[in-house]
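For A:Lys74, A:Ser149, the entry in TrEMBL reads active site, charge relay system. Under the heading active site, acyl-ester intermediate, TrEMBL lists A:Ser173. Annotation source TrEMBL lists domain 'Amidase' at A:19-463.
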Amino acid sequence: MNFNSLRKDIIGNNISVKELVNDIFAKIDHKDPEINSYICTTKENAIAQAENIDKLIQNKEKLPPLAGMPIAIKDNICTKGVVTTCASKMLKSFVAPYESTASSKLWSSGGICLGKTNLDEFAMGSSTETSVFGVTSNPWDINRVPGGSSGGSAASVAAGFCAAAIGSDTGGSIRQPASFCGVVGLKPTYGRVSRWGLVAFASSLDQIGPITNTVSDAAEILYSISGKDPLDSTCLDKPVPNYLTDLNKSIKGLKIGIIKECFEHPGLNPEVKESVLSGVDRFKTLGAEIYEVECPRFNDGIATYYVIAPSEASANLARYDGVKYGYRSNECSNLLEMTSKSRAEGFGDEVQRRILIGTYALSAGYSDAYYKKAQKVRTLIRKDFDNAFQKVDILLTPTCPTTAFLKGDFVNDPLSMYLSDLLTVPANLAGLPAISIPCGFDTKGLPIGLQLIGDVLEENKILNAANIFEIDAQVVKNRPLF
Amino acid sequence: MNNLESWEAVIGLETHVQLNTKSKIFTSASTAFGDAPNTHIDPVVCGLPGTLPVLNETVLEYAVKTSLALNLNVAEHCKFDRKQYFYPDLPKNYQISQFDEPLAENGWLEVEIIEKDKETYVKKIGIERLHMEEDAGKLVHSGSDRLAGSKYSLVDYNRAGIALCEIVSKPDIRTGKEASEYASEIRRTVRYLGVSDGNMQEGSLRCDVNISVRKGPNAPFGTKVEIKNMNSFSAIQKACDYEIARQIEVYENGGKIFQETRLWDEAKQLTKSMRLKEGSSDYRYFPDPDLGPIEITKAQKEIWFKELPELPSKKRNKYVSQFGLSAYDARVISDEISMANFFEETVAYGAEPKLASNWITSDIVGYLKSNKLSFSELKLSPENLAEMISMISNKTISGKIAKEILPELVQKNISPKNLVEEKGLAMISDSSSILPIINELITEYPNEVQAFKNGKTKLLGFFVGQLMKRTKGKADPKLANKLLVEKLNG
């Protein structure tokens with residue numbers, strides 16, 4: 001169900017957009033109870049949008065670029081008049097009076113909103129298990145997690161419950177679930193896409209991006225949602241190239257750097273390593289030049305990330321106090337109790353753990369040793385990347401050390417869970433664009449992801465390489481059967 | 001008294017100035033004062049999830065201009081930080097402020113201390129820093145004047161997110177008078193710049209005072225106490241003076257001063273303890289990742305510097321040295337920039353400065369006040385005021401006539417010369433016109449003339465009155481006096 005095939009059907013009048021949307025909702029109604037990828041669907045709205053597009057087609061009017069493409073939105077991205085829960089008891093009934101810039105650009109490009117997808121509570125997790133609405137299942141094996149935090153988005157794309165989905169990526173939350181679910185996930189350069197309307201987790205790392213069936217679909221969505229936004233001062237004022245233009249360019253002579261440190265990491269699953277290395281061979285066959293590069297601080301990313309992200313989160317989540325909106329405890333007789341009980345009852349364990357870590361890391365007497373030191377390491381990691389990009393055009397790593405794990409495997413072992421982000425967090429810390437594409441399957445039949453990292457604002461390079469690889473490798477020939 | 005003299009007070013002020021930008025510091029919501037609660041709010045003000053702050057560029061301009069006017073060094077780069085604490089008047093439970101890289105540092109302000117029966121002196125008071133931050137909302141408590149003990153509390157976010165400049169003085173202040181004068185000079189300065197209305201009653205200028213006493217200028221600092229809740233300059237002075245006396249008394253009686261926050265009670269005219277400060281609060285400051293670094297280029301700074309008006313202290317010095325005004329008059333006439341400019345223009349049209357200052361600060365200000373008008377709404381031009389003043393100086397009209405025609409001048413801006421001619425109000429200053437009237441009076445009041453000659457000289461006033469009545473006040477009073485005395489004695 002990629003954009004080009006849908007477009008052919010719609011424009012060729014094989015199916016109306018309304019029929020298409022109805023078919024998808026029928027599938028969701030029938031099969032999503034097993035997957036639990038949606039928190040809520042917006043059928044009425046979707047049908048109305050679909051009818052508008054159908055009218056345009058009937059009248060042979062000019063169609064906007066994403067006309068009729070059914071898209072799901074991660075439920076930490078605000079959609080006007082529809083609940084935005086962040087999969088938390090805290091915001092279970094929160095309805096934003098505004099639309100995120102990214103989603104509003106999708107709708108004005110003709111995209112059709114199907115609903116809001118499941119996630120780890122406040123995007124904090126790597127398995128979608130911390131959602132107050134329950135875990136999402138991996139369509140390739142429903143006993144396994146889809147990854148996280150954009151697990152609902154990735155699972156819904158893999159299961160065919162939408163043509164594409166929007167996720168957010170703070171330390172790998174788009175790429176890791178894309179890898180686990182055998183789909184494409186792109187985290188753009190920090191500032192490429194406006195964060196207005198994205199519920200903040202760690203503001204200096206958060207970035208919205210697409211999860212799609214194909215690289216070309218990711219390029220289309222990126223083009224539609226990128227660009228300067230007066231509502232977000234961290235959003236870059238840089239021209240948005242048409243990411244489709246370079247997509248099929250030959251990659252002959254493209255210099256790809258293999259980050260030595262990640263292939264040497266003891267946590268890397270041998271099957272994953274083997275599959276990714278065969279992907280490297282394929283790139284070589286396709287004409288790319290392969291170099292080994294060193295990023296000595298790459299593996300320090302995870303420790304750095306788990307200081308900086310919780311620190312920012314501890315401030316970002318302070319606003320949830322039961323005063324203005326969201327959950328308020330009934331059992332309180334004074335202000336202190338209202339604040340502390342609302343937060344204790346409204347937030348889940350993982351969110352509270354990260355708020356506590358962040359509060360500690362920023363406290364007087366500790367912030368030098370933790371927060372400030374982490375910022376210094378962050379600068380060093382960025383420098384490593386700068387050095388690497390002096391030699392090569394793009395970098396290549398596995399997306400994740402493992403394939404999808406079983407539900408419950410790490411619920412009581414957060415540290416092991418955090419290691420799942422090992423290979424994805426450095427790109428967030430350095431603000432770089434990175435894409436995860438399927439490169440193979442393990443012996444259990446679970447998808448394996450390969451990550452390409454680009455230099456700042458060089459999304460076109462990684463999209464080009466990923467697209468050439470995807471067309472040549474044809475990794476995912478069949479959709480998962482669940 | 002001896003004891004009082006051996007003690008020295010050390011005072012520093014933290015001043016919050018609300019900038020009068022139309023919209024708030026990080027969003028387009030209005031900054032209007034006095035409207036129904038929660039009418040000037042939006043998703044950003046309320047800290048709704050997914051919202052982001054974007055700096056209002058005018059805030060930066062106003063803050064830099066204020067810094068330059070206070071002789072501060074404006075940083076080339078600075079940033080915003082999050083100051084974290086939980087309180088319901090703070091929608092995000094952190095305040096966007098500036099911590100270790102403030103907008104400007106190390107400046108000074110010159111204040112002039114004028115007190116009755118004391119020598120006037122000028123003092124330079126150091127300024128530590130100026131930074132930008134957002135204001136908090138307001139809590140309204142039911143059944144108590146504060147949170148503790150209230151049945152419930154309501155929050156109004158109209159004020160939340162209004163731009164503030166926090167200006168921190170160095171501990172250079174020694175008396176309550178100096179403290180209040182420093183605060184009013186800040187007010188005068190921001191009003192000159194047009195960046196704030198400096199209204200203490202409405203809270204657009206708020207001062208907290210840090211105060212301690214020590215035995216003489218070389219002794220180590222004593223324990224400092226913070227005083228809040230002063231909403232006038234005289235309250236600042238009285239609160240400082242009260243607190244200085246209180247601290248001295250405590251020490252003199254062998255007691256101890258605790259580091260605490262005290263509130264000024266205007267009704268009882270005393271400070272009372274609000275809370276003890278146990279150690280320093282941990283606000284867990286860190287750079288706000290939603291706002292990029294702020295860069296102020298040299299070129300931009302120069303442009304803003306050139307836009308600064310002449311400041312009050314400079315005007316005061318000029319008025320004393322060039323115009324010969326007294327320090328007190330110079331202070332009064334320079335209090336508002338519109339008044340000072342009006343004054344200077346009037347002088348430029350040839351008016352005698354002292355007279356111009358008197359006319360402006362008494363009659364014209366009086367007229368504006370009673371009609372609730374500002375100088376910009378005044379119809380009278382400086383040129384016409386200068387003309388009227390020179391008509392008094394060259395005796396075309398008397399001061400009394402001038403006072404009579406002023407109400408018409410301020411409303412119509414007509415030439416006083418024309419008005420005087422039209423109404424025939426020119427002063428009668430030739431003896432030949434006055435003498436016949438004096439002769440009339442002498443004939444009509446023989447008894448009074450006799451009484452005067454017998455020594456009842458008070459009756460001169462009676463004759464002057466009669467003369468003025470018959471000339472409709474137009475007789476030159478000096479000349480009339482002189483001629484009357486001559487005639488009555490003759």
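A Cβ is built for glycine as well, from the same backbone N, Cα and C atoms used for every other residue.
What TrEMBL says about a protein is an automatic prediction, not a curated fact.
The Cβ neighbour count for A:Ser173 (active site, acyl-ester intermediate), using a 10 Å radius and every protein chain shown, is 37.
Annotation note: A:Ser173 (active site, acyl-ester intermediate) sits in a coil segment as assigned by DSSP. Look at A:Ser149 (active site, charge relay system): DSSP puts it in coil. Mean pLDDT for the domain 'Amidase' (A:19-463) in this predicted model: 97. Under the DSSP three-state reduction, A:Lys74 (active site, charge relay system) is assigned to strand.
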